[in-house]
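> Below you'll find the structure I mean.
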Amino acid sequence: MEVKLAKTAGFCFGVKRAVDTVYEQARQRKERLDAGEENVPDIYTFGPVIHNEEVVKDLEKKGVKVLRSEEELMELREGHVIIRSHGVGKTVYDILEKNNIGYTDMTCPFVKKIHDIVKRESEAGKYIIIIGNPEHPEVKGIRGWAGNRVSVIESEAEAREFCLGNTELKDESDNKICIVSQTTFNYNKFKYLVEILMKTRYDISVLNTICNATKERQTEAEHIANEVDAMIVIGDKHSSNTQKLFEICKKACENTYYIQTLDDLNMNQLKLKSVEAVGITAGASTPNNIIEEVQNNVRLNF
Ligand code: F3S
């Protein structure tokens, strides 16, 4: 039996960099505590470093705590905070500096680039439109650099509504707009929403800030799913990019399984279906050890 593991399975560059940093800082903290050092600061991440329960629990065991809101951060008087790859708005940096809390900024450089764009363009007087999910932490972070004249648009209805007239943009000839995107937004949908917005008479500049990592992962998963008899998609049940991967694979291969860890995988189910080739992929927040474990077990059990 053949096992095809997607090369793009698991952490993207930005997530890997952030997760590795948290583990490394936890290790160094333990080393200092073991050496008897006093006043070693606690380590916090601002929000879970990734959407993966296994990793968050593992980090908790290593003493890394999660701050869930700006209010919690404001209460903090000591410790060291790690900013995750999604990035944060300016107010978070302001709180850290005001309260003299040390921090390590692991904002993905591709997200940081969007912060710089919206800051620069809003300071130049432009109205900012972010194409993305307003509830996503990355979008909230971008919004936090865009000044007061900003809208987040996620759906066709919202784009059409914006075209009907925005109270802050009364005189169309007088207003310049800059459009950016959440890094993980679907490219076709982005293009479609931009086309709708371009129908207005505003002076619009569009910056496609979608990151290729998501697209590459989806394209490869679909390609593999088309070639195998069964497909395994590994990822946290709350991870939206894993859900999307599952949908794509399921369309190409009916026999597709969504698992969080090896425990969820029913080998008998796979065997019964006389599988000859199995494909494996994983969402952007799935750690390598979980992918390896699944892969090794599938190889051993056939
Ligand atoms: Fe960065 Fe792209 Fe990952 S923006 S966090 S490398 S999906």
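The backbone N, Cα and C atoms fix where each Cβ goes, and this holds for glycine too.
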> If TrEMBL gives H51, H86, S239, S240, N241, S285 as binding isopentenyl diphosphate, which of H115, H136 does it give for that site as well?
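Same isopentenyl diphosphate site in TrEMBL: H136.
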> What are the other residues, in sequence order, whose C-beta lies within 8 angstroms of the center of the C-beta atoms of H51, H86, H136, S239, S240, N241, S285 at the isopentenyl diphosphate site?
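Going along the sequence, the neighbours appear as I50, T184, H238, T242, G283, A284.
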> Cβ within 8 Å of the [4Fe-4S] cluster site centroid (C12, C108, C211 excluded): which residues?
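Going along the sequence, the neighbours come out as F13, G14, V15, S85, F110, V111, T183, T184, A213, T214, A284.
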> Go through T183, S240, N241, S285, the listed binding-site residues, and name the one with the sparsest Cβ surroundings, counting other Cβ atoms within 10 Å.
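It is S240 that, of the binding-site residues T183, S240, N241, S285, has the fewest other Cβ atoms within 10 Å.
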> With C12 ([4Fe-4S] cluster binding site) as the reference Cα, tell me which of the binding-site residues H51, H136, T183, S240, S285 is the closest one.
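Minimum Cα distance from C12 ([4Fe-4S] cluster binding site) across H51, H136, T183, S240, S285 lands on S285.
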> At the Cα level, what's the spacing in Å between C211 ([4Fe-4S] cluster binding site) and N241 (isopentenyl diphosphate binding site), rounded?
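Just about 13 Å between their Cα atoms.
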> For a Cβ distance below 6 Å to any atom of ligand 1, name the recorded positions from H51, H86, H136, E138, S239, N241 that qualify, or say none.
none
> Express in Å, rounded to the nearest integer, the largest CA to CA distance found among the dimethylallyl diphosphate-binding residues H51, H86, H136, S239, S240, N241, S285 named in the record.
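For the residues that bind dimethylallyl diphosphate, the greatest Cα distance is 15 Å.
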